Amino acid sequence: MTRRLSLILLLALAVLALFPVWGPLAFSAKYAFLLQKLTGIMILAILAMSLDLLVGVAGLVSLGHAAFFGLGGYMLAILSPQYEAANVWVALPATMAVVAAASAVVGFLAIRTAGIYFIMVTLAFGQMGYYFFNDSKLAGGSDGAYIYVKPSVEAFGLTLINLENKQAFFFTVLGALVAVYALLRVVLASPFGRVLAAIGVNEGRVRGLGFNPTAYKLVAFTIAGALAGLAGFLAATQYGFVSPAMLGWHQSGHVLVMVILGGMGTLFGPVLGAFILELAHFGLEAVTEHWLLPMGALVIAIVLALPKGVAGLLLQWCGTSEALAERGANEAPEAQRRSQGSESDRPALEGQTEPAKKGEGEP
């Protein structure tokens, strides 16, 4: 990532983090709604980044990723007392552990297939999860389940974060978004991440070098599932409601579009894709009730115009700009050296006269 792009992303993060400051001044009456909307988009961005680890890095296109998202939400509903707050120090680790275990089981079976077969297997597992919660009475069946009180974040009897406060929850989700991005950056920069990226490019060559691609893909599938569970936990906390729709293939496809629009394999691209898709949805829905038609046209236009997504465009622009700047910085001293060299080659300098040639001035 170039310095210019890093500055752009940090600036965007600062603008987002300061929304509770400038938002009330810019939007007044709609501020509370927009704050909740941005919080929901950041949760989807976490889900999209977790999917990007599979799709953009490991080359595993999953249409069942929302199953782990929904399972994370249902775990909070199950662990929450009916009219009391769940302890986040218990509920969150338990949720991520259960979702990680479930994703490890699904991944163990799914990664033994490839290509279209992998897509179909993950889709099948996702729909199994959907119908399990839809048809069972475990958590409300098809009606879903309510979470009446948000989890409590306490230590030694003191409330550290009041998640009932919308601004406090906004910053909590923002912190989770940054933490997940940083974690995945560390993972990708590690030897494990480099091998995983190589598997996404040429699995046969990686296998020929003595690595076991199956083990690497299983670990990646488990990590991605656990992070999707975190996103589901946060979504259930925000909306106070979970339903089987959270696990359906529509949700998986929706997040996959975010990854593709933003730019696969970049991590920050899916975050951009989540904001672009959700804000476009919000804007078009406010203009027309037939918003699906222009939304489809927008998605098609972006995919055709930007095959590498919005992140690919930013990387190209920032890379080209820095390359030109570096080239100019390198050429300036070279031009100066050439200029100095040409001056030293002159036959006469200021204040000096050119030596008389032999025979000149003689009688």
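Using the three backbone atoms N, Cα and C, a Cβ is placed for every residue, glycine included.
Your range for transmembrane segment, going by TrEMBL and the list 12-29, 66-83, is 66-83. Ranking 89-109, 168-188, 255-279 by CB pairs under 8 A with the transmembrane segment (38-61) puts 255-279 at the top. Scored by C-beta pairs under 8 angstroms, the transmembrane segment (66-83) has its highest count with 215-235, from the stretches 116-133, 168-188, 215-235. Most Cβ pairs under 8 Å to the transmembrane segment (168-188), among the stretches 89-109, 116-133, 215-235, belong to 215-235. Contact count against the transmembrane segment (116-133) (Cβ pairs under 8 Å) is highest for 89-109, out of 89-109, 215-235, 255-279, 291-317. Comparison of 89-109, 215-235, 255-279 by number of C-beta pairs under 8 angstroms to the transmembrane segment (291-317) places 255-279 first. If one looks beyond the transmembrane segment (255-279) by at least 6 residues along the same chain, the residues whose Cβ comes under 8 Å of a Cβ in the stretch are 9, 37, 40-42, 44-45, 47-49, 51-52, 55-57, 61-63, 65-66, 69, 177, 181, 184-185, 188, 197, 200, 299, 302-303, 308-312, 315.
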